[in-house]
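Q: Questions regarding the structure given below will be posed in turn.
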Amino acid sequence: MNAIQPDDAGYWLLTQDSALYLINGELPQGKAADFQLQGYNGMIIGELNGRPLWLVEEIADDQRTYFSLRSLLALPEAHFNLLNRGVELNHFFKTHRFCGKCGHPTDLVQQEWAIQCQNPSCSHRTYPVICPCIIVAVRRGAQILLANHQRHKGGIYTTLAGFVEVGETFEQAVHREVLEETGIQIQNLRYFGSQPWAFPNSAMIGFLADYAGGEICVQEMEIHDAQWFDYNAPLPELPPKGTIALKLIEHTLQLCAEEERKAT
């Protein structure tokens with residue numbers, strides 16, 4: 001990152017953890033001097049609506065009002081993913097100021113998203129840490145399996161998800177997570193899509209699966225409730241628009257409807 005100049009212009013991405021500085025629900029746009037950003041460190045990380053998107057290094061004790069990145073989920077996917085990039089990069093820079101190998105300070109690498117140790121005898125280079133997390137929609141005939149997680153207790157019902165463990169494939173993680181959290185066995189696993197998820201540094205890897213056996217028995221530390229829901233019956237509160245979870249649910253409900261049409 002370099003010192004921002006008063007006449008530098010574009011969109012400005014200021015972050016505090018997974019929150020953004022917004023003005024009337026939008027990123028500030030204009031010259032750096034318009035928002036008193038000159039002198040802070042920043043860099044261009046992409047283009048938004050034909051203008052540069054500047055990432056500003058996190059400002060300690062900033063008195064501006066910040067809003068959760070989740071509030072912008074309805075943005076076009078490419079725009080939301082670009083904001084994800086900024087949030088994840090600032091998290092990476094903030095948590096890797098020192099070399100994890102020798103403890104010396106690090107510098108930002110100019111040619112790529114990376115930091116490098118200042119110690120000439122080390123020069124260890126580190127790249128942004130991305131923690132993959134599988135997410136899966138499970139179908140049984142014309143029904144979908146939805147769970148109310150402990151963190152959403154009494155609220156949203158959604159698909160099952162969990163982090164991939166060391167030495168585990170994505171597919172193995174899906175089978176393990178579904179079995180651990182609900183006692184359900186699955187089959188016909190297939191890839192659906194993915195989504196960057198800067199809370200703070202994940203990537204959601206989406207799958208579809210079919211029921212193979214078992215009865216629901218929830219892992220109470222993680223899951224408050226799990227049920228099979230008929231696709232054409234009233235559904236509980238679902239994840240917000242823009243999430244891969246909702247896309248998985250909507251796609252699975254379509255598959256449920258097709259299954260019922262075939263049966264009749």
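Glycine residues also receive a Cβ, built from the backbone N, Cα and C atoms like all the rest.
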Q: Out of Glu215, Glu220, Glu222, which does Swiss-Prot tie to the same divalent metal cation 3 site as Glu177, Glu181?
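A: Divalent metal cation 3 site check in Swiss-Prot: besides Glu177, Glu181, the record includes Glu222 out of Glu215, Glu220, Glu222.
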Q: Starting from the substrate binding annotation in Swiss-Prot that includes Arg70, Glu112, Tyr127, Gln195, Pro196, Trp197, Ala198, Phe199, Pro200, Asn201, Ser202, which of Ala9, Ala32, Ala245, Ala257 is the extra site residue?
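A: Answer per Swiss-Prot: Ala245.
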Q: Do any residues at least six apart in sequence from Arg70 (substrate binding site), in the same chain, have a Cβ closer than 8 Å to its Cβ, and if so which, in order?
A: Ser18, Phe199, Pro240
Q: Quick one: pull the CA-CA distance for Glu222 (divalent metal cation 3 binding site) versus Ser202 (substrate binding site), whole Å only.
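A: About 18 Å separate the Cα atoms of these two residues.
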Q: Once the chains shown are all counted, how many other Cβ atoms turn up within 10 Å of the Cβ of Ala198 (substrate binding site)?
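A: That number is 24.
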